[in-house]
Amino acid sequence: MVRLLRTLQSSQPVARFQRCCGLFPAGEEGGGDPADGARGVCNGAGAQRRAAAPARGSRSGAQGCTQKYVVKNYFYYYLFKFSAALGEEIFYITFLPFTYWNIDHSVSRRMVIVWSIVMYIGQVSKDILKWPRPVSPPVVKLEMRTDAEYGMPSTHAMAATAISFSFFIATLNQYKYPFELGLIAAFVFSTLVCLSRLYTGMHTVLDVIGGALISAVLLVLLYPAWDVIDHLLLTSPFCPLLSIVVPLVLCYNYPKLDNYSPTRGDTTTILGAGAGATVGFWLNNQFAAPAYTSENFQLGFHLITTKIAVVMLARFFVGIVIILLTRQLMKSVALGMLGYRYKFPTGDLEAQRRLEVEVPYKFITYSSVGFSATVVVPVLHKLLGLM
């Protein structure tokens, strides 16, 4: 068992998976001519970058910055690049609000609860365990930002498992569709995201398996309490206060690292969005906000007409525009206020990484986004006749 775990934690299975999918370091046997479709990527193991600043230019020993790679199979390349995006902010900020505006409030609330808890546990676990990411070489790394984080568990795998299966479970008894279809869709979605983490060279096999299993266990533990938690979030007079205070305390007491990692900022983003959305859920319940078109879809998704589809798209695009404007506005306001308080220019990236700056600016920004998605956007939808 120990030998198996060591094998799953090593970089070799990741490198073999990449080669099977047609991704090679330029110049490697089987990789072809380095000039033939070669691409460049700045990379190097995250643990190495934490130990010393990466060298610029060609690779030098274990640290490096411009590894060339050759893509021999563009189907896998684009498939897994797209799949990797399904575990990024761009997916969260579109899919979760879409379910709130177009599917059902209760489904969205449960997904947000599960997503926030799962992602917090995953992010904290990374910085407690401090397991390194796969080593390059032999692995080709296609991403830079996430390489600065530790590896275990894969939060992409955790998020994909949590979102896909919580959506499946939450909609199973509300909408008429085949159980097998929903189960297969959730499995395929989570599997594609998990495999994308191997293809991009960001995680070992053990990281991915561990992330998916942890997420599955948390889902099993949370499911019996879904209704109770949901009821408290909607009715408790303490909900708004606790929804803000608890996430802020968790963010300010995030595990300390010797060197900067984006995990604290990402965690603040997630908890901030969840806090703002939760306050919005509570406020909407106090005023008995309508649940959009859930009644229209209760008989089954096959009843969606062209008119309903157009309305859904209109809601989505109006909502996304408001969310993006809110994010940009609140980010500028928060950084401006903090810059004035701590005497730094708003474009100073190093200052933005400080605890006293990063946590409040990201929490303010994304809690505003969550609140806007659940309160401001629905009001605008109603004014525009899109309800």
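In case you wondered, yes, glycine gets a Cβ from its N, Cα and C as well.
Unlike curated entries, TrEMBL annotations are predicted automatically.
For the transmembrane segment (78-100), same-chain residues at least 6 beyond its ends with a Cβ under 8 Å from one of its own Cβ atoms are 21, 107-108, 111-112, 115, 142-143, 155-157, 159-160, 163, 167, 189, 192-193, 195-197, 199-200, 269-270, 273, 292, 316, 319-320, 323, 369, 373-374, 377. Residues or ranges marked as transmembrane segment in TrEMBL: 78-100 (among others).
Taking DSSP states H, G and I as helix and E and B as strand, the domain 'Phosphatidic acid phosphatase type 2/haloperoxidase' (108-223) has 84 helix, 0 strand, 32 coil. Residues annotated as domain 'Phosphatidic acid phosphatase type 2/haloperoxidase' in TrEMBL: 108-223.
Annotation source TrEMBL lists transmembrane segment at 112-129 (among others). Outside the transmembrane segment (112-129) by six or more residues, the chain places 92, 96, 149-155, 158-159, 162-163, 166, 211, 214-215, 218-219, 222, 226, 229-230, 233, 250, 254-255, 257, 261, 263-264, 266-267, 270-271, 273-274, 277-278 with a CB less than 8 A from a CB of the stretch.
Panel annotation: around the transmembrane segment (150-169), residues 46-47, 84, 86-87, 92, 95-96, 99, 107, 110-111, 114-115, 118-119, 121-123, 125-127, 129-134, 182-183, 185-187, 189-190, 192-194, 196-197, 202-204, 206-212, 214-216, 218-219, 223, 261, 263 of the same chain, lying at least six beyond its termini, place a Cβ under 8 Å from a Cβ of the stretch. The transmembrane segment annotation in TrEMBL covers 150-169 (among others).
What TrEMBL records for 181-199 (among others) is transmembrane segment.
For 206-226 (among others), the entry in TrEMBL reads transmembrane segment. Tertiary proximity for the transmembrane segment (206-226) is limited to same-chain residues at least six positions away from its ends with a CB under 8 Å from its CB atoms, namely 5, 8-9, 110, 113-114, 117-118, 121-122, 125, 131, 133, 151-162, 165-166, 169, 190, 194-195, 197-198.
With a threshold of 8 Å between CB atoms, the same-chain residues lying at least 6 positions outside the transmembrane segment (232-255) that come near it are 109, 113, 120, 124, 127-128, 263-264, 267-268, 271-272, 274-275, 278-279, 281-283, 285, 355, 359, 363, 367. Annotation source TrEMBL lists transmembrane segment at 232-255 (among others).
What TrEMBL lists as transmembrane segment is 267-284 (among others).
Residues or ranges marked as transmembrane segment in TrEMBL: 304-325 (among others).
If one looks beyond the transmembrane segment (363-381) by at least 6 residues along the same chain, the residues whose Cβ comes under 8 Å of a Cβ in the stretch are 93, 96-97, 100-101, 244, 247-248, 251, 268-281, 283-284, 289, 292, 315, 318-319, 322-323, 326-327, 330-331, 333-334, 387. Here TrEMBL flags 363-381 (among others) as transmembrane segment.
Within the model, the domain 'Phosphatidic acid phosphatase type 2/haloperoxidase' (108-223) shows a mean pLDDT value of 87, rounded to a whole number.
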